[in-house]
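I have placed the structure first, in the form of structure tokens, so that the comments after it can refer back to it.
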Amino acid sequence: MTIAEHDNVFIFVPNLIGYARIVLALIAFWFMSTNYVISGWCYVTSALLDAVDGQAARAFNQSTRFGAMLDQLTDRCGTTGLLVTLAYFYPRYMFWFQLSIAIDVACHWLFMQTSVVVGRSSHKVNDNFIMRLYYQKDILTFMCCVNELFYVCLYLLHFTYGPLIFGASLFKILAFLTGPFAVLKALISVMHAYVAGIDLAAVDVRERQERRQKSEPVSGKKVE
């Protein structure tokens, strides 16, 4: 199948930005245990480009399912890579980092998959009040930023305390301030799974009813 240039989603501007995010994340992974400056800048830039590709998609009218999936996968893989490193740096808290990975990956995957199954135009479109509130642009951007900032601060604290404010480490202060929001985001991720489970169960019920109706004999006809 030949794809016209204006329909080739693989070279859409937001998806090209998505590829750049992947490259930056890979560079960050490579240096994550040895060079926090290179790794930190690459990771943060990759995360910040998450907002840029969304703006590009709207500006160029290039919103695609492929782009949405690429964006989700890059987010999940990027955060997972950082959390794996944090589990290595802070083995005492390994369970919590493992739990964070499990919640983040499983809940978002289920939510995305359910959105596809029920035929939604976007995973951000949902009837649930909490989901609608969470996916408002300003709230979503804030929650994602403070969540990433929390983990980045923990990462940087392994190497340096950073600038001091009244004798206290800036990175440590930011970690304490953003930590509660990271916990809140994890709870919202669990809510994603709950809402997706309800929607998916509704699909199962509807399909089972349709199969029963097809298997039942038509009223008034003789069954042989």
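The backbone N, Cα and C atoms fix where each Cβ goes, and this holds for glycine too.
Membrane topology of His6 relative to Arg65, as recorded in Swiss-Prot: same side. Which of 36-52, 189-205 counts as transmembrane segment depends on Swiss-Prot, and there it is 36-52.
Residue counts for the topological domain 'Lumenal' (30-35) under DSSP (helix as H, G, I; strand as E, B; rest coil) come to 2 helix, 0 strand, 4 coil. Sequence-remote contacts of a segment are chain residues at least 6 beyond its ends whose Cβ falls under 8 Å from one of its Cβ atoms, and for the topological domain 'Lumenal' (160-163) they are 36, 169-172. Under 8 Å from some Cβ of the transmembrane segment (164-184) lie the Cβ atoms of residues 143, 146-147, 149-151, 153-154, 156-157, all in the same chain and six or more residues away from its ends. Cβ atoms within 8 Å of the centroid of the Cβ atoms of Asp50, Asp53, Asp71 (the Mg(2+) 1 site) belong to the same-chain residues Pro14, Ile17, Gly18, Arg21, Leu49, Ala51, Val52, Gly54, Gly67, Leu70, Thr74, Asp75, site residues excluded.
Asp53 (Mg(2+) 1 binding site) sits 9 Å from Asp71 (Mg(2+) 2 binding site), taking the C-alpha atoms as the reference points.
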